[in-house]
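J.: So TrEMBL says this about it:
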TRANSMEM  12-34  transmembrane segment
DOMAIN    85-209  domain 'Heparan-alpha-glucosaminide N-acetyltransferase catalytic'
TRANSMEM  86-106  transmembrane segment
TRANSMEM  126-144  transmembrane segment
TRANSMEM  156-175  transmembrane segment
TRANSMEM  195-212  transmembrane segment
TRANSMEM  233-254  transmembrane segment
TRANSMEM  343-364  transmembrane segment
TRANSMEM  376-396  transmembrane segment
TRANSMEM  402-426  transmembrane segment
TRANSMEM  493-519  transmembrane segment
Amino acid sequence: MSRPSWKLEAMICWTIIGSHLILSLALLNCLIALRLCQLRTMATQDLVRPSAADADVEDPQLPISAMEVDDKKQKQKPRRSKQKRVASLDIFRGLTVALMVLVDGAGGEWPVIGHAPWYGCNLADFVMPFFLFIVGMAIPLSLKRIPDQGKAVRRVVVRTIKLLFWGILLQGGYSHAPDELSYGVDMKHIRWCGILQRIALAYLVVAVLEIVTKEADLEDKSTAGFFIYRKYYRQWIVAACILIIYMSLLYGIYVPDWEFRVQYDVSPYYGKVFKVTCGTRGKLNQPCNAVGYIDRKILGINHMYKHPAWHRSKACTDISPYEGPFKADAPAWCLAPFEPEGILSSVSAILSTIIGVHYGHVLVHLKEHRDRLKHWVSMGVALLILGFVLHFSHAIPLNKQLYTFSYVCVTAGAAALVFSLFYFLVDIVGIRSIFLPLEWIGMNAMFVYVMAAAGIFEGFLNGWYYKSTNNTLVYWVKKHVFVKVWHSQRVGVLLYVLFAQILFWGIVAGILHGVGIYWKL
């Protein structure tokens, strides 16, 4: 069969691009139409709704004393006032989910987007702490509407269980999407830790801490925000205890020599047993750190992540920071698994959520934009400076895999400044329209995470193939619409992720928002 001419391929490519544009315009038109319908409905309700003055007028035929009026008003169910939603929260959450999609889709082609092999901090290394920061920031806002402690704890526990369920299902090995058309996991090798599991742990600890330490509002007219530290001082004491425990274990545990069996089916060393020599304590290198030792002892080496970022280290491959074949003289630990969302590192990750909770307290207690921004920015800059000083002085290096304290400071400071920027642009200046896709993603973050970041939708599409499992709609669009048009694998993959995944799911989330459909845990 002869190969189609380049003209025919060009026609096909531009036809698909045009179809994408038409579909995007159609979806935007649907959103506009839905919004107009909502505005008309709201306008109609405003016309028929009695005014506040009319509502307070009593029937002249039923004279009531002033005391009786007060008693009646107290017995009446208070009308819930609709508070203005802080759009920057949704936009920040949407940015975090979009970054995760970008990292998963384009990180392999662009090392600066993917995780740092060990020390340092790339774009992907900001995703997890950004998630934890915004989860923490939302906790005071959600729990302040639940005065009953028992009910609040039950709600937190139920949400935690849901997060754990979805985390194990999507990252435990059961789902093989989008690359493999199969599902199921051997319980001997199930991965117990992951992104949603870490979020669940941090959320459970910090939300219960918020419930237990929450007191009646203090009458403090200070605009400096320092009274917030006094009001929630017990949370900072807990944060200090967590830091002390983490640092003590990280630098104090003795790490002995250890062995492992290679579990990769495609590896020429499959089934072979290797020994790693350590016999030390206080080391932060790949083979001999306390984080990995604790995970191997508690989780078991078979239940840890089998493709850690250190595979791209210079000691392991000649094409570092890209992933490639291991060197002939690569050390044994290059073949070993490592859990980037492990037990001890997740304990340290709780600090990111506690910092986020503090930012939520500022949002609740300080009412002026200027006071909020002054507090947020000053604390964010201080965290950045502290983290960089610890890193560049070689006291505590930046390391996402170990979740070091310098990493906590730098990423929390960056999250604080990015959120402050969004808050200024969107909630103060009013520049909102260009961030709508991120806002829509943030409103349906769990849905977009499952469909895009976890690859469930692409896995569904890949199930419909022609002759070969490699000949799917996803593969064809990526190759012919993006890679061939730009004559670059790297640029093509990047544009595919930006437009066919992030923008596409932003529009889908916008449609769901328009009809009032949200996936909430």
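Glycine too: its Cβ is placed from the backbone N, Cα and C atoms.
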J.: Check the transmembrane segment (493-519) against the transmembrane segment (86-106) for contact, please; criterion is three or more CB pairs under 8 Å, pairs 6 or more apart in sequence.
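T.: Checked: the transmembrane segment (493-519) vs the transmembrane segment (86-106), in contact.
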J.: Using DSSP, what is the helix/strand/coil residue split across the domain 'Heparan-alpha-glucosaminide N-acetyltransferase catalytic' (85-209)?
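T.: Breakdown, helix to coil: 79 helix, 3 strand, 43 coil.
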J.: Which listed stretch (86-106, 126-144, 156-175, 233-254) has the most C-beta pairs under 8 A with the transmembrane segment (195-212)?
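T.: Ranked by Cβ pairs under 8 Å, first place goes to 156-175.
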J.: Take the transmembrane segment (126-144) and find every residue of the same chain, 6 or more past its ends, with a Cβ under 8 Å from one of its Cβ atoms.
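T.: Residues 89, 92-93, 95-96, 99-100, 103, 152, 195, 198-199, 202-203, 206-207, 210-211, 214, 341, 349, 352-361, 363-364, 400, 407-408, 411-412, 414-416, 418-419.
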J.: Same-chain Cβ contacts of the transmembrane segment (233-254) under 8 Å, 6 or more residues past its ends?
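T.: Counting only partners 6 or more residues beyond its ends, the transmembrane segment (233-254) has Cβ contacts under 8 Å with 209-210, 213, 280-282, 284, 289-291, 293-294, 344, 347-348, 350-351, 354, 357-358, 402, 404-405.
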J.: Restricting to the same chain and to residues at least six past its boundaries, which positions have a Cβ under 8 Å from a Cβ of the transmembrane segment (86-106)?
T.: 113-115, 123-124, 126-127, 130-131, 134, 137-138, 141, 363, 415, 418-419, 422-423, 425-427, 432, 435, 437-443, 445, 448-449, 452-453, 455, 493-494, 496-498, 501-502, 505-506
